[in-house]
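Working notes, beginning with the structure itself.
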Amino acid sequence: MKRIAASALAVALLAAGCTNEGGGGSGGTGGDVPGVTDTSIVVGTHMPLTGPAAAGYSKIAPATKAYFDYVNANGGVHGRKIEYKVKDDAYNPANTQTVVRELVLQDKVFAILNGLGTPTHTGVLDFLKTNRVPDLFVASGSRSWNQADKYPGTFGFNPDYTVEGKILATHVKETYAGKKTCFLGQDDDFGRDSLLGVKKILGTVAAEEKYVTSSPNVGPQIGAFKAAGCEVVILATIPPFTALSIGTAAKIAYKPQFVVSNVGADPTTVAKTLGDAAPLMEGLVAANYLPLNTDESNPWIQLFQKVNKEHNAGAEFDNNVVYGMSVGYLFVQALQSAGKDLTRDKIVEVVQKNGFQGPGLVPLRFSAQDHSGYGGEQLTKIEKGKAVYFGTPYTTDDGDGPVTPYTNQPVTPPQSGVPAA
Amino acid sequence: MDEFIYLTFDGLSRGLVYAAFALALVLIWRAARIVNFAQGAMAVAAVYAGYSVTNATGSYWLGFVVALLTGLLLGVVVERVVMRFVDHSSPLNGVVVALGLVLIIQGTLGIIYGNEFQPVQTPFSRDAFEVGGIALLSRYDLFVFAAVGSVVVILTLLFTRTAVGLRMRAAAFAPDVSRLLGVSVGGMLTLGWALAAGVGSLAGMLVVPTELGVHPTAMDIVFVSAFAAAVVGGLDSPIGAVIGGLIVGLLLSYVSGYVDVSVTPMAVLALLVVVLLGRPGGLFSSSKARVA
Amino acid sequence: MTGVQTNEGGVTDVQTKQNAEPVPKQGVDLPRRRGWRPHPVIVVLAGALIVVGLTYVLPPFRNYQLATVGAYLCVTAGLTVLTGLNGQLSLGHGALMATGAYTLALTQNKFENLPLSFAAAIAVTTVAGAIIGLAAARLRGPYLAGLTLAVAIVVPSVASTFDETFNSDQGLSVMLNPPPEQFPMEQWQAWLCWSAALIVVLLLALLSRGRFGRDMRAVRDDETAAKLAGVNIARTQVLAFVASAACAGVAGALFAVLAQSVSPGAFPLTLSLFLLMAIVIGGLGSLFGALWGALLLVVLPALSQSVSEQAGSQRLEGNLALIVFGVVLVVVMLAAPGGLASIPSRISRMLRRNR
């Protein structure tokens, strides 16, 4: 019986193997580049489409895909259409392992693009390196992506959390000088790196607290801030916990100035969680590095709204959509620079060469030594339910470098909406 | 001191929700000798139903009523369609089936509503009244006190003062004799499940708005806390469930306030271990062995 | 595959017992073909041959899935012995896997010695299993389930309370040396997982054939009778739990190696529920059933994923697998507590009864 079982197992696995084999096209021009043919490029990603982290984030990959569809409809890149395979890992690192292997080994993707999450993506770095798969524009601000020696094919996208912490703290130092400042962060690289950046500027904070996503209660932490008399609270929180913190503070009649990481500040997502209490967000300070979804006069936003309408079934246009399309735009820029003879080495080479002018307000930091993403942010404030930029963008590094204003004029997208070669 | 008072009231408010939920577990345990591991998922389903109605009509109270009715109905369905056919010769079977229901309900809710936290509104403000500069209680906390209090009173009256209550108790304790005396044992069992699921969905409606919102797994942790509460009080004792709920609520509030929020699940586990090993019958039960 | 001791084996016996009240019947073994039972060593060797053959014909991703099946088989085999043969229901095996996985990660990152890390993982999980087992031996049915449920929920809490060591929700990455050049990674992974799985299965099969197996079944079926027969009930239960925990530890360690990382998110409560489904569907107490369960744990999510991709619905993804698993649990438990393999005999019995 055991034998029957084992052979049945073999048959099942083989059958499954046969049905799905051959999906990934190889062959193509000259060299045998996985995922690239004369007419197509297959790239893949892992995203939390379900599970606790899905809120908001599940909209990123469809937006990226919509932008690719837009590019494809306009002739593609060097005659190739981009096919984007999105796999759900539910923010579970074990699933990430499986889906990324499926993408690389079975679907034969050319590259992994914008894989989301620090714990999830950390686990596949070695696998992607071993298989020499370009690992572009990871969707997280962890500094782990910036290890050019160890992981030459991995590049970040988001400004890292330390850079952000320094910029937020600089604002606090200048605007709320002398006020008691406290810090609530997620208990992982996000919170820790952010606090590191904050302390680089402020030296110390009056109280620091942390939370874990598995325990949806920040009452004690917010209570401690109130007891400590904190007047400014810096949050390195994901959107649900931003909402929870604001709501909890209101519940105990505590009204500090909140200064929030970009990660947890998308007004649409936070307002949805706050529901009727959304007006509590008024005056909240945060930061961003991409055009804001509500800034309808911005040419990037006009482009993305058009793409959203035509190729994303008019999904609710929030900052996650802007983010996803910006990632798509950057990837198309990289493909254009890499030229007609696309190889995996070539794409890594052009990303390191950098020089991309994109929707971002500040330059990307990519170079042969530096694989971290955007190098700065600009502060936003929520006015009448909408985030608006104020001041100038700042750039800095994750070390002890100064926080400096960035004064170059932002670029506008090309008329066609597709970056030129 | 301020913090202590704040934590105490916060703990009582949470504890009452655990109490209601534990009460639901006790009701089913007394009626059917099953610990309903699907209680949390059923409650979430009811909350989703209420949430949909509230969103569609704009009326919180209509949604509230719909949620309770959905809870009752789910209890009937689960008992009539599934639990009735479980082979009860082993206590494992009921548990396994309930866990299967958890997966089914959570998966279905995920498909219908998506796996994102959906914020749920409260009917009353959650801004706390300040007494002498200390934030004590919100209107919403008072609503929780009142709702759980009424449930306890109603259930007590039902079981001690009405014929139906008497029949339910009889059917649970001596099914064969009751059957001979003309009590519809099956009917009483269904009624017990319906009541329990209704109370469970009330607990769900009360606790969900205070956390991240409604989500298919929103009640998992609440279930464990409530299970601990029921065990602390003794699975057979409704009064024990209420007191157990308050004990668990206060414990968790103090632990999260004075130690760390992330320690709270460990505190629940520790409490469970201590009670199960030290006083297996619970604090309010006289039975000695923990044999189901 | 394990059979039942001769005196009460076939499904027919089970049926009569199910109605005889005070005798608790906590699980049903697969029907055994009397007379033909190859020694477990032979079965395992045959299994090894098949697996090695498979690793040469399967493409890399299938090899990875095959490796995952092997890793799951370690834990399902251990759990089915505990629940099916000894009647203890554990929802904490996901947490025990986490224990093994974290131990492997910590040891490996310190010493970079895989055999040592595996030994440490097994040792620590065994101790953890002994502690939970000691508590479990005093508990029955829903109480045990509730306690182990709390254990399952506690994993992220432990990881974040001792975040210096376990690094909270983010978890740890596992340093691994690449396999020897001539073997592809996935093939090597499949060999590693299946070597472990086959050893685990062999040990469990030998264990449950022997005197200890008889003791476990005796305790499961009737504690009083077992006690009268001189079986030390508490000791049997604790040992069963320990053996089962060690298997979970091996599985956890394998998953840490496969994922090259460990984090609480990899060991959610649903994992424990899935494991339960896996052992129920193949028939509680059957190692053969544990194999089917492990296979389904890999195949069902993959199938439901491709179904949802074809349907183009994000929401189906993940959730469809939940529903399928849940329905399987309920239906099998209601219709065929002996597992899917017992359905034919049940049908024939029903036909007989209806005549």
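The count begins at 1 with the first shown residue.
A Cβ is built for glycine as well, from the same backbone N, Cα and C atoms used for every other residue.
Because TrEMBL annotations are produced automatically, they should be read as predictions rather than curated entries.
As annotated by TrEMBL, transmembrane segment applies to B:12-29, B:36-54, B:60-82, B:94-114, B:134-159, B:180-208, B:214-232, B:239-259, B:265-284.
With Cβ pairs under 8 Å as the measure, the transmembrane segment (B:239-259) is packed most heavily against B:214-232, out of B:180-208, B:214-232, B:265-284. Remote same-chain partners of the transmembrane segment (B:265-284), defined as residues 6 or more beyond its termini with a Cβ less than 8 Å from a stretch Cβ, comprise 221, 224-225, 227-228, 230-237, 239-240, 243-244, 248, 251-252, 255, 259, 290. Counting Cβ pairs closer than 8 Å and at least 6 residues apart in sequence, the transmembrane segment (B:12-29) and the transmembrane segment (B:94-114) reach fewer than three and form no contact.
Only sequence-distant pairs (6 or more apart) were considered; of these, fewer than three Cβ pairs between the transmembrane segment (B:94-114) and the transmembrane segment (B:180-208) are under 8 A, so the stretches are not in contact.
The recorded stretches the transmembrane segment (B:60-82) and the transmembrane segment (B:134-159) do not share 3+ CB pairs below 8 A when only pairs 6 or more apart in sequence are counted, and are therefore not in contact.
Of the ranges B:36-54, B:134-159, B:214-232, the one with the most Cβ pairs under 8 Å to the transmembrane segment (B:180-208) is B:36-54. Beyond the transmembrane segment (B:214-232), the same-chain residues lying 6 or more positions past its ends with a Cβ under 8 Å from any Cβ of the stretch are 15, 17-19, 21-22, 24-26, 29, 35, 37, 39-41, 43-44, 47-48, 51, 105-107, 109-110, 113, 115-118, 120, 203-204, 207-208, 240-241, 243-245, 247-249, 252, 265, 268, 271-272, 275-276, 282-283.
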